[in-house]
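> What Swiss-Prot lists as active site, nucleophile is Cys379. Marked as active site by Swiss-Prot: His509, Glu511. Under the heading CTP binding site, Swiss-Prot lists Ser13, Asp146, Ile147, Glu148, Lys222. Look at Swiss-Prot and you will find Ser13, Lys222 tagged as UTP binding site. Here Swiss-Prot flags Ser14, Leu15, Gly16, Lys17, Gly18, Leu19, Asp71 as ATP binding site, drawing on sequence analysis. Per Swiss-Prot, Mg(2+) binding site is recorded for Asp71, Glu139, and the stated evidence type is sequence analysis. Per Swiss-Prot, L-glutamine binding site is recorded for Gly352, Phe380, Gly381, Met382, Gln383, Glu403, Arg464. Per Swiss-Prot, the feature domain 'Glutamine amidotransferase type-1' maps to 290-536. Annotation comment: Swiss-Prot describes 1-265 as region 'Amidoligase domain', evidence class sequence analysis.
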Amino acid sequence: MVHFIFVTGGVVSSLGKGLTAASLAMLLQAKGFRVSVRKLDPYLNIDPGTMNPHEHGEVYVTDDGAETDLDLGHYERFTGVSACKFDSITTGAIYSKLLKDERLGNYAGVTVQVIPHVTNIIKDFILSNTKGVDFIICEIGGTVGDIEGLPFFEAIRQIGNQLKSENCLFIHLTLLPYVKTARELKIKPTQHSVKALRAIGISPNILVCRAERHISKGAIDKISLLCNIKSEYVVPAIDQKNIYLVPIAYHNSGLDNKVLKFFNINIMPSKLDKWYDIINRLKDSNSKVRIAIIAKYHKLKDAYKSVIEALNHAGIYYKYKIDLVWTNAENLTEESINKKLLDIDGILVPGGFGERATKGKIIAIKYARTNNIPFFGICFGMQLATIEIAQNLIGIKDAVTEEFKVDGTKIIEKINKNCEDSKITIENVKKTMRLGSYPCSLVANTIAANAYKSLEINERHRHRYKFNNEFQNIFEKHGIVFSGFSKDEEIVEIIELPLLRWFVGVQFHPEFKSKPFEAHPLFIQFIKAAIEYNKCN
């Protein structure tokens, strides 16, 4: 029998529902249960694939090519279980299906309404694909009271009535703000949040209270009294210095055991050795390396969430703190770069779309190459690395990417050469995008092959352009090694400059497969090179 857990939020957004869901999933795994985590987003976009990072943050890509919310990255990193397209849905996707079915006559002429037709699609999503799991945790995006979220709350209310309490648990996450003048945590916002949730027919079984400091027993008892929840089911969620401390904090507060007790499941011991090892490594991380991220969205860290975490995973591996130096690529010039990248141990240019800030990124790549600073280029970062090499090392001064320039020598070209730019719209952009996991063959005795310790790998992709293979020979004559190719050898996946300390560009997104207990091999080697560079300088 599958048990369903719904995680909702109130008071404010960005409270950490995703981390709570991911942490609980991991804790249940540690007790031997099989867990699936899903995200339901109330926005009207079909998926976040074409959303501005300022609106949404990172687009997380799954193995099967779904473009999803960054919370799925948390789910994967904490549980080690790969997410898929069946783990994410939006209001836009729901209405798209609904309207398509209506046009096909699948509703047999009845009036199509939010209840029951929209809610039925939501329920079908939640209740489907349950084979082989013991728990399904569903995170509802947004906060209680949001207009766009009402169909989702109604759907899970109906599921709660349908499955009864023995198979359905509601966890509500709220904020206890600390008011300095009063010197106390305020409970009133939590009261109102629970009241709003009850007004739509849902009574939370567990209340998780986020706070920046210790919550006293008196405060917990007061919350219990005013929100009509047993005090043992009021769980404190105190701010942590590192997100990888969150699961153990929840374990210490008994969240996992409270869930099992609610479902009348025997409480079993937890196997948390690898997480305690992570905590110990974090405590032992006294040295640090400085990594510059040459970013287009330098003020929006969530746009590069998986990159940040992958760097931190490598730091955990070596017991090093990663000091990230966010560098605005738009403001980088040949004259300013020495000052802005002073005392840097490694330079990373992440993926992205659009022409803005490309000049600064190319300047940073040149700086890394000519000063022998460890460099890692990801997706667009690799493409710009080939353009920089073409312009400044090989001498192809008019080297360009076809993504932005029609005139010039096209070092980077479309994957689908038959697709005209005029035909590329939001409706068909996915048809021209190489999305999801693809196999890649590595060349023996290269940096990549030595890092992976294998000649066959699978990595996730999200790109429409690739290196123009016509230039492979001239690049090789100048010392560039092409160390990874797609299975059909049409797409260059990895480039290296072996004569430098560490200079690697990859067409894929390795950050999506990194875990805190299993750092990605390329990030491990990049940070290793940065540590060695730091020691030499």
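Glycine too: its Cβ is placed from the backbone N, Cα and C atoms.
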> Quick one: Cα separation, Leu15 (ATP binding site) versus Phe380 (L-glutamine binding site), in Å?
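With the alpha carbons as reference points, the distance is 32 Å.
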> Report, in whole Å, the straight Cα-to-Cα distance of the residue listed as 'active site, nucleophile' from Gly352 (L-glutamine binding site).
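Checking the Cα atoms of Gly352 (L-glutamine binding site) and the residue listed as 'active site, nucleophile' gives a distance of 8 Å.
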> Could you give the Cα-Cα distance between Gly18 (ATP binding site) and Gly381 (L-glutamine binding site), in whole Å?
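Here the two Cα atoms are 29 Å apart.
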> State the mean pLDDT for the domain 'Glutamine amidotransferase type-1' (290-536).
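PLDDT averaged over the stretch: 93.
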> According to DSSP, which of helix, strand or coil covers Cys379 (active site, nucleophile)?
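Reduced to three states, the DSSP call for Cys379 (active site, nucleophile) is coil.
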> Of all the binding-site residues given, namely Ser13, Ile147, Phe380, Gln383, which is spatially nearest to Asp71 (ATP binding site) at the Cα level?
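In terms of Cα distance, Asp71 (ATP binding site) lies closest to Ser13.
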> Going by Cα-Cα distance, which of the recorded positions (Ser14, Lys17, Leu19, Glu511) sits nearest to Gln383 (L-glutamine binding site)?
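Closest by Cα: Glu511.
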> The residue listed as 'active site, nucleophile' has how many other Cβ neighbours within 10 Å of its own Cβ?
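Result for the residue listed as 'active site, nucleophile': 23 other Cβ atoms within 10 Å.
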> Between Leu19 (ATP binding site) and Glu148 (CTP binding site), what C-alpha distance do you get in Å?
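Computed Cα spacing between Leu19 (ATP binding site) and Glu148 (CTP binding site) is 22 Å.
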> DSSP on Glu139 (Mg(2+) binding site), three-state: which is it?
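SS state of Glu139 (Mg(2+) binding site) = strand.
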> Cβ within 8 angstroms of the Cβ centroid of Ser14, Leu15, Gly16, Lys17, Gly18, Leu19, Asp71: which residues besides those meet this for the ATP site?
Gly9, Thr20, Ala21, His74, Glu139, Leu173
